[in-house]
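If you check TrEMBL, you get these features:
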type     : residues                                                : note
DOMAIN   : 2-149                                                   : domain 'N-acetyltransferase'
BINDING  : V81, G82, V83, R89, R90, G91, V92, L93, S94, S114, E115 : acetyl-CoA binding site
ACT_SITE : Y119                                                    : active site, proton donor
ACT_SITE : F389                                                    : active site, proton acceptor
Amino acid sequence: MTEIRVLDESQYRDHHTLFRGTLHHAAAPDEVWEHARNSYEPGRSHAAFDGAEIVGTVQSFGSSLVLPGGAVVPHAAVSRVGVRADHTRRGVLSSMMRAQFDALDEPAATLRASEGVIYGRFGYGVATRGRTVRVDRRRAAVPGEATGRVRLVDRDTAGKLLPELHDSVGMKRPGAIGRWTGWWELNLFGNIKPDDNLVSAVHSGPDGDDGFVVYKVDHGDKERVLKVYDLCAASPAAWADLWRYLIGIDLVDEVEAWLRPLDEPLEWLFTDPRAVKVTEFEDETWLRLIDVPFMLAQRTYADGDPVVVGVTDRLIPVNTGSYLITPDGASRTDQAPDVELSVDLLGALYLGDTTFRQLVTANRATGSNPAAADRLFAVSEVPWCGTYF
Ligand SMILES: CC(=O)SCCNC(=O)CCNC(=O)[C@H](O)C(C)(C)COP(=O)(O)OP(=O)(O)OC[C@H]1O[C@@H](n2cnc3c(N)ncnc32)[C@H](O)[C@@H]1OP(=O)(O)O
């Protein structure tokens with residue numbers, strides 16, 4: 001019999017070690033733990049206990065989420081989900097997920113999934129996706145002249161400047177999430193070996209700093225690949241200048257950027273569209289609407305006739321019901337639904353990555369006129385997060 005408990009500070013390292021073990025990694029050495037410990041926030045780490053032993057973990061970080069229309073709501077970034085191999089497939093994760101939903105104050109949660117079959121049953125749906133691109137540096141040219149300036153910054157400067165810039169520049173597109181202090185420490189600046197040549201560059205335009213890129217050059221046997229980890233820009237001009245800068249760096253064969261927005265118009269930026277090869281499409285954000293009425297009321301809708309959406313939620317039954325969606329907003333209703341779907345699929349639709357028509361075609365939702373719902377849920381920009389955790 002396992003019991004789910006919220007951990008205190010003295011148990012965080014055991015939590016971390018158990019989770020790493022489920023990914024087949026050894027326990028973190030002290031120098032890595034020094035950075036990882038700062039990502040633990042009070043009251044946000046659950047573990048499953050079998051007697052005195054931890055056999056499962058879940059965790060979340062306090063964050064925010066940008067919605068269609070620009071509203072920003074609190075959001076929980078869920079991570080470090082793992083169950084010890086000798087305790088899997090007996091409901092441990094299911095119990096931890098329930099305990100986590102009960103404990104969370106945020107109306108929505110997102111995660112990155114290790115496998116595609118795990119999280120739908122818990123109400124998470126694929127809400128943003130990304131594409132990995134490789135740019136042949138010698139074939140890529142950006143017409144015109146740079147309009148701003150790109151300057152390299154050292155790691156200490158980047159550690160102060162980039163979080164501020166992400167807050168102002170990176171929180172525009174629906175799907176973007178606020179980065180917590182521990183994210184920066186663990187992902188970009190803390191957990192980096194001294195010989196890792198991670199480079200940060202900041203763009204400034206007429207109104208000051210308005211974009212940045214973080215990258216590293218890998219020296220392979222045959223080719224040198226510049227890998228872009230992070231690229232944010234406030235304007236098309238800053239975005240074009242940052243790419244112009246990247247393809248201008250000497251002793252590089254290819255520029256690879258992982259999980260970029262599906263609508264990033266690189267093929268239109270370079271004179272030769274074939275300089276860009278898409279090497280992968282991947283799901284990025286898995287979104288769980290925890291408070292469905294609140295979340296439906298927070299995003300905006302396009303013009304169109306009113307539609308009633310019927311939602312079923314097995315784990316959080318209070319969400320189950322019908323919602324009237326109009327160009328002015330969303331509210332509960334007793335009317336019969338025009339389209340019906342489960343909460344994981346509402347998560348997939350919510351930011352605009354997929355459509356009712358696609359889900360009805362794939363037999364995942366029902367309704368005779370999905371196009372009417374799609375008109376209301378239509379967005380002008382493909383949602384994308386850009387923050388891996
Ligand atoms: C956000 C992140 O941290 S992503 C990282 C996720 N962690 C990992 O991938 C680490 C390795 N895997 C694990 O630790 C475990 O297998 C977990 C956490 C994925 C699943 O934990 P479990 O305790 O086995 O899940 P639980 O027993 O509650 O399963 C619930 C249901 O999901 C199914 N399920 C769970 N994991 C999987 C899986 N990997 N593949 C297929 N089905 C799965 C179960 O069969 C069960 O189905 P049922 O309700 O029809 O019986």
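In case you wondered, yes, glycine gets a Cβ from its N, Cα and C as well.
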Next item on the list: Write down the Cα-Cα distance for the residue listed as 'active site, proton donor' and R90 (acetyl-CoA binding site), rounded and given in Å.
Entry: 16
Note to self: Checking proximity to ligand 1 here: which recorded positions out of V83, V92, S94, E115, Y119, F389 have their Cβ closer than 6 Å to it?
What the structure shows: V83, V92, S94, E115
Check: What's the CA to CA span in angstrom from S94 (acetyl-CoA binding site) over to the residue listed as 'active site, proton donor'?
Finding: 10
Notebook entry, point to check: Given the model, what does the mean pLDDT over the domain 'N-acetyltransferase' (2-149) come out as?
Noted result: 97
Margin query: At a 10 Å cut-off from the C-beta of V81 (acetyl-CoA binding site), count the other C-beta atoms across all protein chains.
Written below: 23
Checklist line | Nonlocal neighbours by CB distance (under 8 Å) for Y119 (active site, proton donor), same chain, sequence gap 6 or more | finding: L111, A113, W286, R288, D344
Next item on the list: Give me the Cα-Cα distance between E115 (acetyl-CoA binding site) and the residue listed as 'active site, proton acceptor', rounded to a whole Å.
Entry: 15
Next item on the list: For the acetyl-CoA site as recorded (V81, G82, V83, R89, R90, G91, V92, L93, S94, S114, E115), determine the largest distance between any two Cα atoms, in Å, rounded to the nearest integer.
Entry: 19
Item checked: Helix, strand or coil at V92 (acetyl-CoA binding site) [DSSP, three-state] -> helix
Next item on the list: For the domain 'N-acetyltransferase' (2-149), give the DSSP counts of helix residues, strand residues and coil residues.
Entry: 42 helix, 51 strand, 55 coil
Note to self: Under 8 Å between C-beta atoms and at least six apart in sequence, can you list the same-chain neighbours of the residue listed as 'active site, proton acceptor', or say none if there are none?
What the structure shows: F61, A77, S79, R112, W183, N187
Check: If one looks at the chain holding V92 (acetyl-CoA binding site), which residues at least 6 apart in sequence have a CB under 8 angstroms from its CB?
Finding: T2, A48, V55, G56, V83
